[in-house]
Amino acid sequence: MAAGGPNSGQPQFFSRAGDESFSHAPLIENTETDQIVVPDKKSWKNLFAYMGPGFLVSIAYIDPGNFETDLQSGAQYKYELLWIILLASCAALVIQSLAANLGVVTGKHLAEHCKAEYPKVQNFILWILAEIAIVACDIPEVIGTAFALNMLFSIPIWCGVLLTGLSTLLLLALQQYGIRKLEFLIAFLVLTIAICFFLELGYAQPDVGEIFYGLFVPQLKGSGATGLAISLLGAMVMPHNLFLHSALVLSRKIPRSIPGIKEACRFYMIESGFALLVAFFINVAVISVSGAVCNSPDLNKEDQMSCSDLDLNEASFLLRNVLGKWSSKLFAIALLASGQSSTITGTYAGQYVMQGFLDLKLMPWIRNFLTRSLAIVPSLIVAIIGGPSGAGKLIIISSMILSFELPFALIPLLKFTSSQTKMGPHVNSLAITILTWIIGFLIMAINIYYLITRFVHMLIHSDLQLAAVIFIGILGFSGMALYLAGIAYLVLRKTKEITHLLALTTEESERLSIEPSKTSAYNLPSEETVSMQLPQRIRTTNDVN
């Protein structure tokens, strides 16, 4: 959208860098960035221009960590916990839509807002926590890919862990072709996962009536079911995904009018809803296959033992024994697609986090190498020492870390999108604000409960001496008190920085030109953010026009 002159009736957008006066520049006029331009007219056809970011985000809901939790849920409780997946998917759609809205409205992603909003020390702590979350997210992807390579080619787990580093080369190759090609690849991988598990359903032939009953009739039978339900909920909303989604939406150049911004928010919600619906069906399929296989009356004792403690590695042998060789291969292909697609999105999230919190730009291959190395080292050590079972337990530990990290991304998101100073006229309505805070507090309460119960369980069943148990308990609960204090700080701190972007009328434009010091700061998205995931090329004047 071209910037008009002072007498133009078109809405204008202004930015302030430091103490400089406002400029009449449009939102994103980066002539070196191959952005996806959304037509400046109302049409349902615009939806296709917005398709893409939701599929990259949906990968976090079908990563190897989710698969392991799904498999255990189906093996132990058949279809009884499917309603948890339905509930968690609805909550995830609401929260992911907020992340997209933050980026669309303000032109800045979540990490950039945190840097602008919080003091240096708090900002540094949030960055460290975000980096730990990304590494914790990468560990299941590394181990899941290693398991898949073992199932397909009989490669040892530790060797498969090393081979996952080759995905760095894949990502570097993809970055040369731009965001659209990457989105198509991720959508293809999601489709591959979906096809594999839907074919598994054909092999397993679960009872459809029981599946619908499990989806719409809530039930929790025993403390074990409660623990798995908490794991399912905790695995559905990932902290790195909130940073990622708020940044990916900046790959589109949208009409910067109030109707244009509203249309972008609406279409992003529809697009995210479709992608998360596909992820929801995949999770339902995984639980259904596991439930049908492990509750089959024809299982021998060996397979029954596998079902009692089912992980990604055991699942392959179980499917091969019960449903046949091709069933095991389909599962391995789906797991490989899940691990590789999660690798790509996790690396992008890491790039945005580092750029946003520290304003530090690294070469993509360096960033990818650092993140992957931090995930490979513990995975490799555990795979060599503990074997497949140890690697499976590391996935559970990483999910606990992600549960611990979630409030430090979720609370800033809820605060920023509910703030008039951040979102302007696009701020969450009172109903949405209440709903999202209820969802947020429920998710955080569930995750905190999960962490405390696991910690207490570990202390009670440990082989340590009493003095050591008491010492570790004091340290653990002191850390928990500090953790809750950090959450309280984020919740109670008032949002201060003004960063919203508004469409202004001609009268307001002229007034702001005369009195720039009496207005708010209307910030443009940083050029680094917009161009990070896009290839650079020289564009002609005709291209820009």
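Cβ from N, Cα, C; glycine included.
Small disclaimer: the values here were computed from a predicted structure and weren't measured.
Feature list (source: TrEMBL):
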type	residues	note
TRANSMEM	47-62	transmembrane segment
TRANSMEM	82-104	transmembrane segment
TRANSMEM	124-149	transmembrane segment
TRANSMEM	155-172	transmembrane segment
TRANSMEM	184-204	transmembrane segment
TRANSMEM	224-251	transmembrane segment
TRANSMEM	272-293	transmembrane segment
TRANSMEM	330-349	transmembrane segment
TRANSMEM	369-388	transmembrane segment
TRANSMEM	394-414	transmembrane segment
TRANSMEM	426-452	transmembrane segment
TRANSMEM	464-492	transmembrane segment
* Most CB pairs under 8 Å with the transmembrane segment (82-104): which of 47-62, 124-149, 394-414, 426-452, 464-492? -> 426-452
* Given the transmembrane segment (184-204), which of the listed stretches 47-62, 124-149, 272-293, 330-349, 394-414 has the most Cβ pairs that are under 8 Å apart from it? -> 330-349
* CB contact flag for the transmembrane segment (330-349) and the transmembrane segment (47-62), at least three pairs under 8 A -> yes
* To do: Sort out for me which stretch, of 47-62, 124-149, 272-293, 426-452, has the most Cβ pairs below 8 angstroms to the transmembrane segment (394-414).
  => 124-149
* **Stretch of maximal Cβ-Cβ contact with the transmembrane segment (47-62) [cut-off: under 8 Å; candidates 124-149, 272-293, 426-452]** => 272-293
